[in-house]
Amino acid sequence: MLLEQQPINHEDRNVPQPIRSDGAGAIDTGPRNIIRDIQNPNIFVPPVTDEGMIPNLRFSFSDAPMKLDHGGWSREITVRQLPISTAIAGVNMSLTAGGVRELHWHKQAEWAYMLLGRARITAVDQDGRNFIADVGPGDLWYFPAGIPHSIQGLEHCEFLLVFDDGNFSEFSTLTISDWLAHTPKDVLSANFGVPENAFNSLPSEQVYIYQGNVPGSVASEDIQSPYGKVPMTFKHELLNQPPIQMPGGSVRIVDSSNFPISKTIAAALVQIEPGAMRELHWHPNSDEWQYYLTGQGRMTVFIGNGTARTFDYRAGDVGYVPSNAGHYIQNTGTETLWFLEMFKSNRYADVSLNQWMALTPKELVQSNLNAGSVMLDSLRKKKVPVVKYPGT
């Protein structure tokens, strides 16, 4: 027997109904999650220009299970949560002051963006050259596939990890504790040249994240390698990079041209003010994986043959756009919308619809679209990634 529930007052103006301004739709009097309907207005009432079916292009970290440890937590969005995301997977992780993501390595490259707080990262490359650095909000790091590394919180911190394989799982990485726990002690004794009883205190299973002590300064912790430091830094200070500034916002692009070690991930940090939008465009070289940092917005994706769908996004959401699919992103809120665009590529690339039309013979564009002079004369030969609505 169903439990009795308080009836929904469907005449309440705060309760959205699936009725579009053109009259299409009807009142929804059945079971529903009103909060989700409010958060996804363009899924609940799609724009009249939406048509056809597109795979889901949105998943929220709020819907991803947490892995809780002493020293921090983590959660992931992979192809298992967002099936279309075959190129990239993402992990949201937090560490306490002194919390350690243990020494480990991956088959995939790791790109990271610091969301808040400070952390220390270490790594050693295949030639015995080492690296140590502190990172803070807006800083990036990149570890190539197979490079062993660690992360430790200097204070409470949170960061986004991005991997160049949608099938990746943070919970199946190669860790030092797990390997040693599954290696016979006589083998460890031979490898390290010490008695077997020296390994009696080793963990019996994977540690993953643990609570440690806050380390001292980089200078006091740095180990001098006989082979020197890594030739290319694993750290990049993105917020210290001058942005491409526009009236409606800004863009900072980072790829192998200005962060040379980042061979498989390119990215852009995009700022869109209220009343502005990321212009109509597409990316010719890779799928796009997005992470929304602040604010709220909506994105419409066009994949051809009359098929376009609109999705709503807010802080903590992940978005996805297939390669070469046309799309735009609007700020639908009252605060600044910040998000990351990430690509499995060594270089960032996008094609602007406006610029393409401006650099094509005018008569050809006019005859193709039956466009008037007002539109044709307004086309821009230079790319403007973020544009403002007229009059705002």
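Keep in mind that glycine also has a Cβ here, set from the backbone N, Cα and C atoms.
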Co-listed Mn(2+) 2-binding residue [Swiss-Prot; alongside HIS281, HIS283, GLU288] among HIS236, HIS327
HIS327
HIS104, HIS106, GLU110 bind Mn(2+) 1 in Swiss-Prot, but which of HIS149, HIS156 does that record place at the same site?
HIS149
The correct three-state DSSP answer for HIS106 (Mn(2+) 1 binding site) is coil
Using Cα coordinates, what distance in whole Å links GLU110 (Mn(2+) 1 binding site) and HIS281 (Mn(2+) 2 binding site)?
27
For GLU288 (Mn(2+) 2 binding site), write down the residues of its own chain that are at least 6 apart in sequence and whose Cβ falls under 8 Å from its Cβ; none is a fine answer.
GLY319, TYR320, VAL321, SER323, GLU341, MET342, PHE343
Smallest Cα-Cα separation from HIS327 (Mn(2+) 2 binding site) among the binding-site residues HIS104, HIS106, HIS149 is shown by HIS106
Winner by Cβ contact number (other Cβ atoms within 10 Å) across the recorded positions GLU110, GLU341:
GLU110
Quick check: of the binding-site residues listed here (HIS104, HIS106, HIS149), which one has the Cα closest to that of HIS281 (Mn(2+) 2 binding site)?
HIS106
